[in-house]
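Some notes on the structure that comes next.
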């Protein structure tokens with residue numbers, strides 16, 4: 001090869017290499033620009049249009065680092081949309097209940113700073129469960145805990161912690177309240193908080209950490225609400241509120257709330273005579289509540305709420321094994337589905353039940369007269385057959401020698417079904433235990449199971465003689 005040919009060959013090779021390098025630089029530039037703009041866009045599968053990421057509520061923020069030669073590009077993966085809960089899955093089939101959580105608040109109060117509380121409940125967002133209670137504005141080992149048997153003071157606040165975490169000094173005080181309800185609509189928490197004078201109280205509606213709406217007492221006689229979770233379906237949350245006498249006719253209303261704003265109020269209708277402290281659960285497409293009749297019945301009233309047209313129906317649990325306390329013994333008690341049974345109806349305790357086809361699962365104190373012990377069972381035909389009394393799958397949660405208190409339901413959505421869980425308030429201190437001057441509680445929590453289970457008793461467990469006075 002002569003010198004001219006060598007020069008031509010070397011030049012051709014150099015030109016080829018230069019062309020390849022030029023094309024690679026163009027490819028890198030195009031990729032860089034594309035990824036840079038991609039981090040601000042999401043592809044919407046519904047209509048193939050591009051929409052910005054910023055206004056979308058997100059569950060998590062994931063950043064990937066992509067390396068191209070000497071260039072570092074941060075690419076944000078657009079998160080999935082957070083949607084309202086609709087609770088459309090079926091109810092889980094269960095054989096009974098298994099232990100889930102216990103906070104041991106009273107035992108821990110013997111040596112630590114734990115809030116004095118009552119009226120606890122549990123509610124869950126889509127990822128985690130929380131326990132709530134109405135605090136008395138004091139810890140137990142504190143002279144302010146004297147005489148905390150009283151229900152309504154301006155110092156009471158709604159407390160919120162992860163389930164299983166006792167209410168320590170770092171606990172968040174969500175709002176001022178001596179009566180409350182809370183629920184998560186899939187996007188944010190709604191808290192209904194009642195406080196003020198007995199004859200002119202205020203209910204505040206707090207959504208996503210902001211006060212959105214309020215309503216004043218309509219009967220000027222202790223406006224009050226559920227003391228357990230409310231329920232939200234497709235962005236509409238329902239809460240049952242009562243104002244009026246605790247031992248005669250009262251004025252109950254069902255409030256419909258969207259993102260903290262009251263959008264409709266329906267009066268109670270149907271055959272229920274007195275409704276307080278409802279334990280509510282989603283029963284798609286509506287909401288169902290089992291409540292406390294503090295006037296005429298030891299059988300529990302049912303309130304059915306239609307979220308779409310705001311209509312209300314009410315009746316009573318059919319089971320002749322009734323759920324309130326005090327009550328007649330099981331041989332003598334009765335219920336015929338429509339009306340209160342007029343059996344030891346005056347006074348009562350918050351409780352729960354839920355339908356399982358024609359049957360009913362329910363919990364109640366073991367004692368017929370006092371808030372002692374706690375049991376659960378299923379009554380065959382108890383939802384549809386008047387005065388049905390065939391009991392199966394009985395479990396003791398708290399033995400009859402130990403104190404219980406309020407109880408209520410909460411629902412947990414699984415992959416294929418909705419599970420029902422319940423909590424039991426374990427009251428300690430006054431009035432029964434007069435060695436001390438305070439009244440407070442711990443809780444125990446069980447959830448439905450399709451498996452097998454054993455036996456036991458899960459009382460509060462604190463030795464009152466070791467407790468601060």
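Every residue gets a Cβ built from N, Cα and C, even glycine.
What Swiss-Prot says about this one:
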{"type": "TOPO_DOM", "residues": "31-469", "note": "topological domain 'Virion surface'"}
{"type": "REGION", "residues": "91-469", "note": "region 'Head of neuraminidase'"}
{"type": "DISULFID", "residues": "92-417", "note": "disulfide bond"}
{"type": "DISULFID", "residues": "124-129", "note": "disulfide bond"}
{"type": "ACT_SITE", "residues": "151", "note": "active site, proton donor/acceptor"}
{"type": "DISULFID", "residues": "183-230", "note": "disulfide bond"}
{"type": "DISULFID", "residues": "232-237", "note": "disulfide bond"}
{"type": "DISULFID", "residues": "278-291", "note": "disulfide bond"}
{"type": "DISULFID", "residues": "280-289", "note": "disulfide bond"}
{"type": "DISULFID", "residues": "318-337", "note": "disulfide bond"}
{"type": "ACT_SITE", "residues": "406", "note": "active site, nucleophile"}
{"type": "DISULFID", "residues": "421-447", "note": "disulfide bond"}
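Closest in space to residue 291 (disulfide bond), of the disulfide-bonded residues given as 230, 232, 421, 447, is 230, taking the CA atom of each residue. Remark: of the disulfide-bonded residues 237, 289, 337, the most isolated position is 337 (fewest other Cβ atoms within 10 Å of its Cβ). Here the candidates are the recorded positions 129, 280, 406. The one whose C-alpha lies nearest to that of the residue listed as 'active site, proton donor/acceptor' is 406. Counting in whole angstrom, the residue listed as 'active site, nucleophile' lies 23 from residue 237 (disulfide bond) by their C-alpha atoms. A 10 Å radius around the C-alpha of residue 232 (disulfide bond) takes in these disulfide-bonded residues out of 129, 183, 417, in sequence order: 183. Checking each of the disulfide-bonded residues 129, 318, 417 against residue 183 (disulfide bond) by C-alpha distance, the shortest gap belongs to 129. A 10 Å cutoff on Cβ-Cβ distances gives residue 129 (disulfide bond) a total of 18 other Cβ atoms nearby, all chains included.
Note on proximity: among 230, 237, 318, 337, 421, the disulfide-bonded residues of the record, the Cα nearest residue 289 (disulfide bond) is that of 230.
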